[in-house]
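So the structure is just underneath, and the comments pick up after that.
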Amino acid sequence: MSLTDILSPSDIAAALRDCQAPDSFSPKKFFQISGMSKKSSSQLKDIFRILDNDQSGFIEEDELKYFLQRFECGARVLTASETKTFLAAADHDGDGKIGAEEFQEMVQS
């Protein structure tokens, strides 16, 4: 399964265009433009599994850095401040990583 099985390629492209400049990435805005915020819980679990590159059950900070590249190979890497802000916004239990439930909660809120 790939992200384009769940999200429209044109919506993904629009979301990536919106955050091309360094330090312009906003998780909430990205989720809205890409259509992720309108997806069901089971679809978000599928998206999470795709984004969890090492299949650990968590998205760690080093995986978050390459978040945009999971949507398109040529996309930019998130800056250190974007990565930290993204992690802080989703990591509700303070363990330094994002679990599937935390991810789903962040996307749907």
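Quick reminder: no glycine exception, Cβ is built from N, Cα and C everywhere.
Annotations in TrEMBL come from automatic prediction, not curation.
The domain 'EF-hand' annotation in TrEMBL covers 39-74, 78-109. Annotated Ca(2+) 1 binding site per TrEMBL: ASP52, ASP54, SER56, PHE58, GLU63, in sequence order. TrEMBL lists ASP91, ASP93, ASP95, LYS97, GLU102 with the feature Ca(2+) 2 binding site.
Locations of recorded TrEMBL features on the structure.
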residue: ASP52; record: Ca(2+) 1 binding site; CB count, 10 Å: 20
residue: ASP54; record: Ca(2+) 1 binding site; CB count, 10 Å: 10
residue: SER56; record: Ca(2+) 1 binding site; CB count, 10 Å: 10
residue: PHE58; record: Ca(2+) 1 binding site; CB count, 10 Å: 18
residue: GLU63; record: Ca(2+) 1 binding site; CB count, 10 Å: 18
residue: ASP91; record: Ca(2+) 2 binding site; CB count, 10 Å: 18
residue: ASP93; record: Ca(2+) 2 binding site; CB count, 10 Å: 10
residue: ASP95; record: Ca(2+) 2 binding site; CB count, 10 Å: 11
residue: LYS97; record: Ca(2+) 2 binding site; CB count, 10 Å: 20
residue: GLU102; record: Ca(2+) 2 binding site; CB count, 10 Å: 20
Average pLDDT across the domain 'EF-hand' (39-74), rounded to a whole number | 96
When you average the Cβ positions of ASP91, ASP93, ASP95, LYS97, GLU102 for the Ca(2+) 2 site, which other residues in that chain have a Cβ within 8 Å of that mean position?
-> PHE58, ALA90, HIS92, GLY94, GLY96, ILE98, GLY99
Excluding ASP52, ASP54, SER56, PHE58, GLU63, which residues of the same chain place their Cβ within 8 Å of the centroid of the Cβ atoms of the recorded Ca(2+) 1 site?
-> ASN53, GLN55, GLY57, ILE59, GLU60, LYS97
Length of the line joining the Cα atoms of ASP52 (Ca(2+) 1 binding site) and LYS97 (Ca(2+) 2 binding site), in Å = 11
Have a look at the binding-site residues ASP54, SER56, PHE58, GLU63 and say which one has the shortest Cα distance to ASP93 (Ca(2+) 2 binding site).
-> PHE58
Go through the chain and flag residues at least 6 beyond the ends of the domain 'EF-hand' (39-74) whose CB is under 8 A from any CB in it; none is fine as an answer.
-> 1-3, 6-7, 12-13, 15-16, 19, 25, 83-84, 86-87, 96-100, 103-104, 107-108
